[in-house]
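According to Swiss-Prot, the protein has these features:
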- K14: active site (ACT_SITE)
- P94, M95, Q96, A97, G98, L99, G100, G101, G102, S103, S104: ATP binding site (BINDING)
- D134: active site (ACT_SITE)
Amino acid sequence: MEQSSGAVIRSYAKINLFLDVTKKRDDGYHEILSLFQNISLYDRLIITKIDRGLEIKTNVDIENNILYKTWDVFSSNFKEPEFGLRIVLEKNIPMQAGLGGGSSNAAALLFYLSDQLKIPKNKIIKIAAKIGSDVPFFLIGGTAVVKGKGEIIEPLPPLLGYYVKLITANGISTKEAYNLLNSTLFNKAPCSPYALYEAYYHRNIDEIKRCTYNIFEKVIAKQNREIAQNIKKLKKNSIVSTLTGSGSAVYGISFREGDFNFVPRGVEYEEINI
């Protein structure tokens, strides 16, 4: 039997304005130094309460949906909810594109559960990294420097007035992309993510061009001609263009035109009556 309350949550995509890898750890994970930025492309989760369990309906075929893992991690770290959920997931964010769609969905569910069960956000952030390395960022959202495996978040004042064009392609998996890196490529960025943030904040085009960096761009472009062509195509009408994450999406930034814009949030929550 369904309950009467529910929510509609927008879970926003992200791009990496800056992405470097600083080292490979003994446990096999890589540590990053990045500048994350949410954009106005979003998935929508329509959540209603049911008696028990988790039911997910979606408009795309997703194997091993991260929402199941999110529910399990939440239940094992906190008291299992005395209610179940039915989630209708409307996917608009391309998958396996470096846009963080799955992590954003996970953060949206964590946000809902923490709100319903009155769990402080700082406790939710601590378990978020167990679900995925980008999930902690989406619980904070907006503009942030991200370090470590993704669990160290430094929020920054929002960057507004920028527009984004995206092109997706057939890419390679994140694991394969990291396997293309070696330690000689680490820490080779021309400046820091903080310097790039200041350039965006002050609309300094020359510095934006100088400081924009993605460690994966050269190695992925060598492997994937389509991605290399997409980067070149977007550069014609953009301040800068590069990969987000390890791809396959490529973005271009401009002041006046684009399909999406920067937004100061990771998720947007609205309670509804069903």
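Residue numbers in this text run from 1 along the chain shown.
Backbone N, Cα and C atoms are what each Cβ position is placed from, and that goes for glycine too.
Measuring Cα to Cα from D134 (active site), the binding-site residues that fall within 10 Å are G100, G102, S104, out of P94, Q96, G100, G102, S104.
Looking at G98 (ATP binding site) and K14 (active site), their Cα atoms lie 8 Å from each other. Sitting within 8 Å of the Cβ centre of P94, M95, Q96, A97, G98, L99, G100, G101, G102, S103, S104, and not among those site residues for ATP, are the Cβ atoms of A13, I93, G245.
Ranking the binding-site residues Q96, S104 by the number of CB atoms within 10 A of their own CB puts S104 at the top.
P94 (ATP binding site) counts 18 other C-beta atoms within 10 Å of its own C-beta, drawing on all protein chains shown.
In the three-state DSSP reading, K14 (active site) counts as strand.
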